[in-house]
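To start, the structure under review is shown below, and the notes come after it.
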Amino acid sequence: MLDAAPAVCLVLGGCQANMFLLELIVAKNRDTMYAMTFAQYVAVALLSLPYVCTFRKVPGKAHLLPLQMRPGRLSTLHKLAVGVTAWVMGVATNLAFNMHVSVPVHSTFRSLPLLLNMLVGFFFLNKRYTFLQVACVSMITVGLVLLTVEKSRRSSRSTTDGSSGTQDTSEYFWCLCGMLILLFTTVLSTALSLMQEHMYKTAERREKALETESKKTDNPKMPRSVEEATETSPAPMWAEALFFSHAVGIPLFLSQPSRLFTEFASVSSENYVYFLLNAVTQYMCVMGVYVLNNKTSAFTLVLILTLRKLGTFTLSVIYFGHYRHFNTTEWIAMFGALGASVLYPLLPKA
């Protein structure tokens, strides 16, 4: 079973590598995001399969190794809801890169869940926040608004002054659509985290109730052998959630088979390795996130993800040269939003 410390390494290393490889793919094959997301889902589902399944020999059929699912601990309805929501969010997020949205802008928008979590906590969970917490979230919001307005203003100006008006107008339109998609996926991300938290807590309450009921009886159900206990022991909650959140999404990709075929066929030969490594690092990244979500506090998870996001932003700006395309206002907006998101988890709570 994976512990929290290795999971932190998976998030900081796997997620960084995944975003780096994604930007390499976008640079050469921007129109393959749907196929790339499908490859990620297949890889995560296959690589997480050993955590939720076991192989057992059947007497009299030594040549067969049937696959047996371990007993589930999570509600089937919850797993379906999380799987569909995660699929919509994952596909939409990757499609945004096909709409002239750079990785630094994407990383900045990922600071928005702090604001949404604060609003949900204040209005629905009766949580209270300090002045500094509100100030940090306000800075994030102002930074995102400034970034969006400034990018729109620059695109509009280039459309007016440029000679290729139709092309610039199209780029401005799709860039705006990409930002709206990022806003939508950010809302979905907040909803998904709440759904996962509810799913885990519901399962834990059910297990505690069964344990209490078992203690009251004098004849608790025990496995018949150590071998049976090992083979049929339930999978860790994080592994079960990880597998089903991706396995549920795979059939949804098949609703557009022609698109999958076209995009896979258009992948350039030098990007095959990038596609494979991106899928593997996606598994490392999401496994780390799911383990942290199950084994650590929300504070720790937000802090680790924020540090990862800041690292992704820095690497993208320096290595891929995005700094050449930002003006002073955009720099202030991005660093203000990212700095506030790093500071927020370190502030004292109300």
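Every residue, even glycine, has its Cβ placed from backbone N, Cα and C.
The structure displayed is predicted, hence computed values, not measured ones.
Taken from TrEMBL, the feature transmembrane segment applies to 33-55, 76-97, 109-125, 132-149, 171-195, 272-292, 298-319, 331-347. Here TrEMBL flags 206-228 as region 'Disordered'. Summarising the annotation, TrEMBL assigns compositional bias 'Basic and acidic residues' to 206-227.
Through the fold, the transmembrane segment (298-319) approaches residues 4, 8, 11-12, 15-16, 19-20, 23, 102-104, 107-108, 110-111, 114, 289, 292, 334, 338, 341-342, 344-346 of its own chain, all at least 6 residues removed from its boundaries and within a Cβ separation under 8 Å. Only sequence-distant pairs (6 or more apart) were considered; of these, fewer than three Cβ pairs between the transmembrane segment (109-125) and the transmembrane segment (33-55) are under 8 A, so the stretches are not in contact. Among residues of the same chain six or more beyond the transmembrane segment (33-55), those with a C-beta under 8 A of the stretch's C-beta atoms are 22, 25-26, 65-70, 87, 90-91, 94-95, 97-98, 231-232, 235-236, 239-240, 242-244, 246-247, 249-250, 253, 256, 259-260, 263-264, 267, 275, 278-280, 282-283, 286-287.
Taking residue pairs at least 6 apart in sequence, the transmembrane segment (272-292) and the transmembrane segment (132-149) share fewer than three C-beta contacts under 8 angstroms.
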